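*Asks:* Not my notes, these are from Swiss-Prot:
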CARBOHYD  ASN44  N-linked glycosylation site
CARBOHYD  ASN58  N-linked glycosylation site
CARBOHYD  ASN72  N-linked glycosylation site
CARBOHYD  ASN92  N-linked glycosylation site
CARBOHYD  ASN109  N-linked glycosylation site
CARBOHYD  ASN136  N-linked glycosylation site
CARBOHYD  ASN172  N-linked glycosylation site
CARBOHYD  ASN192  N-linked glycosylation site
CARBOHYD  ASN213  N-linked glycosylation site
SIGNAL    1-19  signal peptide
Amino acid sequence: MPLLHRTIIFLQLLGTISSNYNAFFAIMVTNPTVVQQVNQIEVNLTQSNPQFVKFVHNISHLHIKLNTVELNETRLPIVQKFLKELPKAMCNVSYSIPALFEGTAVMANTTLYGKVNPMSSSVISSVHQKIFSLLNNTEIPSVDVHDIFHPRMNIVELDNRKHEDLLQIMSNRTGDFKLNTGDFIKEIVLFNSTESGSFHEEIGRAVLAPCSNFTLLRFKKPELISNRVPIFPLEMDFK
């Protein structure tokens with residue numbers, strides 16, 4: 001093969017690789033009481049430890065990350081179609097996703113996150129698995145790096161530099177890290193993983209709905225009846 005031909009093929013391949021980018025599905029947590037509690041957690045942490053100011057998450061964009069995928073210009077129409085069909089495919093898993101929190105926790109001494117209760121964790125994990133299964137039937141590759149999915153809402157994420165012991169701070173000041181409320185979420189949003197401005201650029205969203213909204217599934221019995229539960233009162237203490 002002539003050198004010029006090989007060079008052209010290499011440049012075409014390089015261009016294809018460079019145009020790929022990651023995107024992630026997420027459920028946005030916008031309940032005012034949750035936002036207020038997270039804001040207080042961040043204030044309590046940063047007032048005593050100013051070094052953490054640049055690592056706290058913007059309370060306007062609190063979210064629980066689901067699946068991560070690899071996109072490009074060719075796959076963009078495919079994922080838009082995927083989002084359009086997602087509510088119908090998801091309705092027998094959950095059309096109202098509970099994000100009910102029972103405190104905060106620290107992971108690897110670098111990430112402070114809101115911990116969802118067991119019921120929420122089970123439903124969100126089912127949603128994650130359903131999206132993963134649906135993606136397997138498309139040309140959109142999943143690039144999730146975790147073997148076991150653990151849903152969480154990150155509040156503070158530190159970099160690799162040396163910082164004060166986040167776990168020790170939290171252990172000594174447990175009253176400063178209370179999070180005991182939640183919400184039911186009815187949208188799944190897809191974002192470009194590359195940050196843009198104050199957050200990430202939205203690619204699209206899927207508004208969830210019960211199966212009765214879709215003619216073909218009108219008489220299909222939901223698989224997870226236990227997902228349809230009332231929200232807990234906001235003042236309830238999850239410990």
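A Cβ is built for glycine as well, from the same backbone N, Cα and C atoms used for every other residue.
I'm curious about the neighbourhood of these features; can you describe it?
*Replies:* In sequence order, ARG173, ASP176, PHE177 are the residues near ASN44 (N-linked glycosylation site), counting only same-chain partners six or more apart with C-beta under 8 A.
In sequence order, SER198, PHE199 make up the list of same-chain residues 6 or more apart from ASN58 (N-linked glycosylation site) whose Cβ falls under 8 Å from its Cβ.
Residue density at ASN72 (N-linked glycosylation site): 13 other Cβ atoms are found within 10 A of its Cβ, drawing on all protein chains shown.
A 10 Å cutoff on Cβ-Cβ distances gives ASN92 (N-linked glycosylation site) a total of 18 other Cβ atoms nearby, all chains included.
Within its own chain, ASN109 (N-linked glycosylation site) has ASP165, LEU166, LEU167 as residues 6 or more apart in sequence whose C-beta sits under 8 angstroms from its own.
Of all Cβ atoms in the shown protein chains, 10 besides its own fall within 10 Å of the Cβ of ASN136 (N-linked glycosylation site). DSSP assigns ASN136 (N-linked glycosylation site) to coil in the three-state reduction, placing it in neither a helix nor a strand.
DSSP assigns ASN172 (N-linked glycosylation site) to a helix. Long-range Cβ neighbours of ASN172 (N-linked glycosylation site) (same chain, at least 6 residues apart, Cβ-Cβ under 8 Å): none.
A strand conformation is recorded for ASN192 (N-linked glycosylation site) in the three-state DSSP classification.
The Cβ neighbour count for ASN213 (N-linked glycosylation site), using a 10 Å radius over every protein chain in view, is 13. DSSP assigns ASN213 (N-linked glycosylation site) to a helix in the three-state reduction.
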*Asks:* Expressed to the nearest Å, what is the distance separating ASN72 (N-linked glycosylation site) and ASN213 (N-linked glycosylation site) at their Cα atoms?
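*Replies:* Cα-Cα distance, ASN72 (N-linked glycosylation site) to ASN213 (N-linked glycosylation site): 32 Å.
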*Asks:* Please identify, among the glycosylation sites ASN92, ASN136, ASN192, the one with the smallest Cα-Cα distance to ASN213 (N-linked glycosylation site).
*Replies:* ASN92
*Asks:* Expressed to the nearest Å, what is the distance separating ASN192 (N-linked glycosylation site) and ASN92 (N-linked glycosylation site) at their Cα atoms?
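*Replies:* Taking the Cα atoms only, ASN192 (N-linked glycosylation site) lies 27 Å from ASN92 (N-linked glycosylation site).
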